[in-house]
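Colleague: Below is the structure I would like to discuss, written out as structure tokens.
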Amino acid sequence: MSEINPCAAPRTVHVGTASRSYDVHVGAGNLDDLGRVVAGTGSSRACVITETNVGPLYAQAAETSLADAGVDVTDRLVFPAGEASKSLAVLGGLLEGLAERGLTRDDAVIALGGGVTGDMAGLCAALYLRGIRVVQVPTSLLAMVDSSVGGKTAVDLPAGKNLVGAFWQPSAVLADVRCLASVPHELLTDSCGEVIKHAVLADPALLDELTERPLNAPGTDEGRLVDVVTRNVEIKRDVVDADERERGLRQTLNLGHTIGHAIESASDFTLGHGSCVAAGLCMMTRASARRGWCTSETAARIERCVAAHALPTGCDLPADLLLHYMAHDKKRHGGSVNIVVPVEVGHVEVRRATLDELRELVELGREEVR
Ligand SMILES: NC(=O)c1ccc[n+]([C@@H]2O[C@H](COP(=O)([O-])OP(=O)(O)OC[C@H]3O[C@@H](n4cnc5c(N)ncnc54)[C@H](O)[C@@H]3O)[C@@H](O)[C@H]2O)c1
Ligand SMILES: O=C(O)C(=O)C[C@@H](O)[C@H](O)[C@H](O)COP(=O)(O)O
Ligand SMILES: [Zn+2]
């Protein structure tokens with residue numbers, strides 16, 4: 001999808017959370033640099049964890065770079081691609097694999113893939129030997145802009161998304177936007193849901209630019225991808241630096257997720273995470289407009305950007321089914337669940353809603369805003 005742009009200069013964003021500081025390297029064609037980055041973390045051995053789609057495309061290049069930098073490379077661990085692998089069973093197999101390879105606390109896991117791989121390999125690294133290094137190498141746009149940064153790792157349970165996990169910050173992140181050239185168009189589109197979320201949270205100008213020039217349009221060049229990924233990482237960095245453990249400000253990163261995660265589970269993962277976030281964001285925004293928490297112009301502005309990317313602006317799954325999953329939301333407190341309300345573009349507020357209020361919000365969120 002992207003044209004090679006020799007002017008896509010690499011960028012570095014520094015993340016400084018309470019538990020660990022690290023650099024996020026964003027570039028075009030910088031996968032070759034992985035070995036130097038991993039060696040810089042002090043790791044002497046590394047095991048690439050990847051999945052069946054991404055492994056054949058990029059694992060050899062990653063391992064060659066590691067070996068060239070003097071890092072001892074173990075046999076890679078490969079699991080089946082897709083959200084269904086975010087399970088305790090697959091996690092257990094990966095942990096056994098690390099033990100079989102004899103990884104020690106001097107070594108590193110390389111998470112090579114999209115958000116599923118980042119969440120799985122990150123959780124392996126958090127648990128194995130009570131914690132070894134992980135270097136995140138995101139290959140989907142969603143993983144570059146969101147999941148590789150900030151240290152949330154998780155697997156799903158049948159009861160819902162990400163219900164078992166840990167905060168475990170990476171030791172470094174390397175995002176090569178050239179890897180996006182192999183991403184199918186519908187998956188690139190899906191990832192745009194989290195990009196739009198970040199723009200709504202913190203960058204009104206970016207939201208309007210995305211509406212004018214959707215990121216999934218043909219011909220988006222590497223320079224723009226480096227710019228947009230970098231800006232998104234900065235937005236997320238500003239939040240996780242201030243609140244690593246989601247005691248306050250970080251809860252805002254859940255914008256669109258209360259309803260979005262429920263749609264994702266209720267659709268049996270036939271819809272991608274970013275698409276569900278986009279739908280959840282639009283539904284919460286429309287409901288907020290109906291409640292008078294934001295203006296109808298704010299709701300329309302957000303929806304225009306989502307629609308410009310051909311992402312879903314709502315869902316018609318039964319409210320009861322969505323409520324079933326929202327009741328298992330990890331941000332539940334007693335009979336209430338946290339919701340993130342878009343008050344205006346660039347300003348959101350975390351509030352609590354009872355399950356009855358959530359049901360009303362879901363119904364309001366289905367209605368057109370006049
Ligand atoms: N930890 C966090 O902070 C965080 C943030 C957002 C999302 N997430 C999680 O991330 C997951 C969604 O991430 P995702 O959309 O990247 O899913 P994914 O990892 O399943 O990747 C989506 C699809 O794209 C393929 N793919 C990835 N990179 C590719 C490439 N370069 N070329 C060709 N195909 C490629 C994958 O094989 C997969 O089929 C969800 O599980 C979500 O819960 C976590
Ligand atoms: O990093 C965060 O914090 C986020 O909330 C980012 C979200 O995009 C991501 O989907 C996250 O995994 C959701 O968090 P959860 O705690 O609701 O599982
Ligand atoms: Zn998300």
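Using the three backbone atoms N, Cα and C, a Cβ is placed for every residue, glycine included.
Residues or ranges marked as domain '3-dehydroquinate synthase N-terminal' by TrEMBL: 77-187. According to TrEMBL, the feature NAD(+) binding site maps to Gly115, Val116, Thr117, Gly118, Asp119, Thr139, Ser140, Lys152, Lys161. Taken from TrEMBL, the feature domain '3-dehydroquinate synthase C-terminal' applies to 192-331. Per TrEMBL, the feature Zn(2+) binding site maps to Glu194, His257, His273.
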Colleague: Using the Cβ center of Glu194, His257, His273 as the Zn(2+) site position, which other residues in that chain lie within 8 Å, going by their Cβ?
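Modeller: Those within range, site residues removed, are Leu142, Asp146, Gly193, Lys197, Gly256, Gly260, His261, Gly274, Cys276, Val277.
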Colleague: Going by DSSP, give the three-state secondary structure for Ser140 (NAD(+) binding site).
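Modeller: In three-state terms, Ser140 (NAD(+) binding site) counts as coil.
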Colleague: Mind giving me a neighbour count for His273 (Zn(2+) binding site)? Other Cβ atoms within 10 Å of its Cβ, every protein chain shown.
Modeller: 26
Colleague: Limited to the domain '3-dehydroquinate synthase C-terminal' (192-331), I'd like the whole-number average of pLDDT.
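Modeller: The average pLDDT of the model in the domain '3-dehydroquinate synthase C-terminal' (192-331) works out to 96.
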Colleague: Among the binding-site residues listed here (Glu194, His257, His273), which has the Cα closest to the Cα of Gly115 (NAD(+) binding site)?
Modeller: His273
Colleague: Given a 10 Å Cβ-Cβ cut-off, pick out the one of the binding-site residues Gly115, Thr117, Ser140 that has the most other Cβ atoms nearby.
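Modeller: Of the binding-site residues Gly115, Thr117, Ser140, the most buried by Cβ count within 10 Å is Thr117.
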Colleague: Taking the Cβ of Glu194 (Zn(2+) binding site) as centre, how many other Cβ atoms lie within 10 Å?
Modeller: 28
Colleague: If you compare CA-to-CA distances from His257 (Zn(2+) binding site) to each of the binding-site residues Thr117, Asp119, Ser140, Lys161, which comes out shortest?
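Modeller: Looking at Cα distances from His257 (Zn(2+) binding site), the smallest one goes to Lys161.
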Colleague: For Lys161 (NAD(+) binding site), list the number of other Cβ atoms lying within 10 Å of its Cβ atom.
Modeller: 23
Colleague: Pop the Cα-Cα gap between His273 (Zn(2+) binding site) and Thr117 (NAD(+) binding site) into the table, whole Å please.
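Modeller: Here the two Cα atoms are 14 Å apart.
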Colleague: Residue counts in helix (H, G, I), strand (E, B) and coil for the domain '3-dehydroquinate synthase N-terminal' (77-187), per DSSP?
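Modeller: In the domain '3-dehydroquinate synthase N-terminal' (77-187), the DSSP-based counts are 48 helix, 34 strand, 29 coil.
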Colleague: Same chain only, sequence gap of 6 or more: which residues have a CB within under 8 Å of the CB of Asp119 (NAD(+) binding site)?
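Modeller: Asp119 (NAD(+) binding site) has long-range Cβ partners Lys86, Ser147, Lys152, Thr153, Ala154, Val155, Asn162, Gly165.
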Colleague: I'd like to verify something. Among the binding-site residues Gly115, Thr117, Asp119, Ser140, His257, which ones have a C-beta closer than 6 angstroms to some atom of ligand 2?
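Modeller: From Gly115, Thr117, Asp119, Ser140, His257, counting a Cβ under 6 Å from ligand 2 as near, the near ones are His257.
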Colleague: Sorry to bug you, but what's the C-alpha spacing from Lys161 (NAD(+) binding site) to Glu194 (Zn(2+) binding site), rounded to the closest Å?
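Modeller: That comes out at 16 Å between the alpha carbons.
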Colleague: Summarise the domain '3-dehydroquinate synthase C-terminal' (192-331) as counts of helix, strand and coil residues per DSSP.
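Modeller: The breakdown for the domain '3-dehydroquinate synthase C-terminal' (192-331) reads 97 helix, 0 strand, 43 coil.
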